[in-house]
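Engineer: Questions regarding the structure given below will be posed in turn.
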Amino acid sequence: MVSSLSRNGNSHHNGVNVAITSGFSTKLAPLPNGPLFGTDGIRGKAGDLLTAPFALELGFWAGQVLKANKVTPGPVIIGQDSRNSSDMLAMAMAAGLTSAGLEVWNLGLCPTPCVAHLTRISQAMGGIMISASHNPPEDNGIKFFNHEGTKLSQTLAQQIEDGLRGHLSFDRDRNREWGKTYHQANLVDTYCQFLQETLPENLDLQGMRVVLDLAWGASVEVAPKLFKALGAEVICLHDRPDGNRINVNCGSTHLDLLQQAIKEHQADLGFAFDGDADRVMAVDSQGRVVDGDYILYLWGKHLLEQGKLPHNLLIGTVMANLGFERAWEALGGQLMRTAVGDRHVQAQMWETGAILGGEQSGHIICHHHSFSGDGVQTALHLAALVRQSGESLATLVNESFQTYPQILRNIRVEDRDRRRYWQECTPVMEAVNQAEAAMGNTGRILVRPSGTEPLIRVMVESCSADDANYWVNYLVNVVEQHLAN
């Protein structure tokens, strides 16, 4: 156990150290200089920052902060995806939380929105999900929820980080209130029942053939169970927990195998989830990708026609396609854009009273039912919408909108400061301004650092595919030359 931390950090390791492992060493090394919490909690390679001793210490300080700010008296609920490091991190977090005197409910393997939902309905003090979402197997992450099942505020996240860095004091020797851990995998059934209750009464998917790509991840049990319960014929890909293969060439960011399976099985539609099932991408019977923009349009139109969409308002992000925006406006709707990240979408939904929002990448939030993105719920509701329409998903997509050609490229930039302050690089800004001036109102450009990976993302969108391709290549070359090297 790392020793007590003082306000000035004068412990034997200065209060700013975490364990790194070589084999099973607990040799201490400094925390990184930048913020620990990104847009979706703490992420990194398992065994580097994310070790058992670090998670133990993080759990302890999270427990102290949650206790000090508690609104409800209940437990802290922990879930995890299938990564090989998830057991280790979940158990270490539980040990840290119980050392702070808190009760822990461990759900085991489950989707992230399952943790969020159960946290909200159980009077829990907070929730924790061990997952790196769509990232590769060697990565992992720790994300926090407040008692309402929404993401922990930046203020509380900073307090937890202050504890880790030795800027808060606590005499551990006087702490004699130990918590307990309870294994509550059965509560995942409560979440499944909730999802069914959000669907139209007497919904019957008999005769619908659905392919599910479960990405070797957190949705392997929940998604097939629910679709089968509704009568659908279900064909599953990557359908068992596999910590070595989670997200590898499968799931919501790799749709080739799903598209192939839909054609081979002559399926009506298919869905691909990411590793923790908080996002989903759909594919129609023709093999076309139905991304978050299409899902928002179709679900939004359905709610608009029922009079259940306040102000005809959808919340999207800066990545939302112009074709989607202009088609939605033609229906009398309005699209409000936020920065990328479901945290920003959620905040804008609360501020405006919107009940439907999401991202092109497949994070969809519907306040009629939930307060967090839920891939399985979104897939079920899209299937329900298709069944109620009497049309195929392919027909609904044909009748919706044409996307503008949009090209997204990722450039690996290891230097964190170069990613954060890319706008201070004069050659890059000059190139962006040049491209924007050339395209005028026929397209747009977005350059931004990833919030979860060491990448700078360059997106160019234009009514002309040739223009989009030309300018994205031009900008990528400039970014690689001045930021990546």
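In case you wondered, yes, glycine gets a Cβ from its N, Cα and C as well.
Per Swiss-Prot, the features are:
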| type | residues | note |
| --- | --- | --- |
| MOD_RES | S133 | phosphoserine |
| ACT_SITE | S133 | active site, phosphoserine intermediate |
| BINDING | S133, D274, D276, D278 | Mg(2+) binding site |
Engineer: Whole-number Å distance between the CA of D278 (Mg(2+) binding site) and the CA of the residue listed as 'phosphoserine'?
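Structural biologist: So the alpha carbons of D278 (Mg(2+) binding site) and the residue listed as 'phosphoserine' sit roughly 8 Å from each other.
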Engineer: Enumerate the residues of the same chain, S133, D274, D276, D278 excluded, that satisfy the criterion Cβ within 8 A of the mean position of the Cβ atoms of the recorded Mg(2+) site; list them in sequence order.
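Structural biologist: Residues close to the Mg(2+) site, other than S133, D274, D276, D278: D81, P111, T112, S131, H134, G217, A218, F273, G275, A277, R279, G375.
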Engineer: Using DSSP with the three-state reduction, classify D276 (Mg(2+) binding site) as helix, strand or coil.
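Structural biologist: In three-state terms, D276 (Mg(2+) binding site) counts as coil.
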Engineer: In whole Å, how far is the residue listed as 'phosphoserine' from D274 (Mg(2+) binding site) when you measure between their Cα atoms?
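Structural biologist: Their Cα atoms are separated by 6 Å.
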Engineer: How far is it from the residue listed as 'phosphoserine' to D276 (Mg(2+) binding site), counting Cα to Cα, in Å?
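Structural biologist: The separation of the Cα atoms works out to 5 Å.
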Engineer: Under 8 Å between C-beta atoms and at least six apart in sequence, can you list the same-chain neighbours of D276 (Mg(2+) binding site), or say none if there are none?
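Structural biologist: When sequence neighbours closer than 6 are ignored, D276 (Mg(2+) binding site) has D81, P111, T112, M129, S131, S133, G217, A218 within Cβ distance under 8 Å.
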